[in-house]
């Protein structure tokens, strides 16, 4: 039984896997880690191994608690990966992007896959049918665009994102919604079209916190999966058991 931990700036996600099957997922504030960690230990005493991925430095007490309880793998650029990484600067590659590519290798082996993660940033990552990671693109995320428009102008308001805005805005608020939401959706469709023309039988994975607000046509080759990153971390942990 594995414990997967994905640490963000404010929140921590935990997931328990057994035989590659997700048993439970939790999301809580970083300050509430120890309370939730104790509950997890009581509920799942069979956990033996854990993987930790964090975008920030975690409290040393938190790391020590994990090391004391389990065999801990901390994701970094030196960890063995289940794919060939051709990123020119692997030490700068985000851990979330690594996990997403690993999930693509696990779920869609032998296929060309484009993973789109709509989070703080919108990231595009491509792995080939030969299990080679080529890289991708990073674009400003939904919230970042709304906040930037408000911060770097004198009079434009900070607008709350809403799905499916009309194309032609008839007020400042609706114009901002149209420009940002529709603009991102056009970016998504255009990027998918460009990748699709270069890679045969391309499968697209659409994930991330803002994937529910944004909409792209879910054709046969496009799949939404909110647990894709956690599944990728678990696959990396399983892969390293054999190394």
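Glycine residues also receive a Cβ, built from the backbone N, Cα and C atoms like all the rest.
Lifted from Swiss-Prot, the feature list:
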- 6, 7, 8, 9, 10, 11, 12, 13, 120: ATP binding site (BINDING)
- 87, 94, 95, 96, 97, 172: substrate binding site (BINDING)
- 96: active site, proton acceptor (ACT_SITE)
- 117: K(+) binding site (BINDING)
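Among the binding-site residues listed here, namely 6, 87, 172, 6 has its C-alpha nearest to that of the residue listed as 'K(+) binding site'. It is 31 Å from the Cα atom of residue 172 (substrate binding site) to that of residue 10 (ATP binding site). Using Cα positions, the member of the binding-site residues 87, 95, 97 nearest to residue 8 (ATP binding site) is identified as 95. Non-local neighbourhood of residue 95 (substrate binding site): 53, 54, 55, 75, 76, each in the same chain, at least six residues away, with C-beta under 8 Å from its C-beta. Between the C-alpha atoms of residue 94 (substrate binding site) and residue 6 (ATP binding site), the distance comes to 12 Å. Shown are the binding-site residues 10, 120, 172; the one with the most C-beta atoms within 10 angstroms of its own C-beta is 120. Largest Cα to Cα distance within the recorded substrate binders 87, 94, 95, 96, 97, 172: about 41 Å as a whole number. Neighbours of the ATP site: apart from 6, 7, 8, 9, 10, 11, 12, 13, 120, residues of the same chain with C-beta atoms within 8 angstroms of the site's C-beta centroid are 30, 54, 55. Separation of the C-alpha atoms of residue 6 (ATP binding site) and residue 96 (substrate binding site): 9 Å, rounded to the nearest whole number. In the structure shown, across all protein chains, 117 is the one of the binding-site residues 6, 96, 117 with the greatest number of other Cβ atoms within 10 Å. The number of other CB atoms found within 10 A of the CB of residue 87 (substrate binding site), across every protein chain shown, is 17. For residue 12 (ATP binding site), other Cβ atoms within 10 Å of its Cβ number 22. Over all protein chains present, the Cβ of residue 8 (ATP binding site) has 16 other Cβ atoms lying within 10 Å. When Cα-Cα distances from residue 12 (ATP binding site) are compared across the binding-site residues 87, 96, 97, the shortest belongs to 96.
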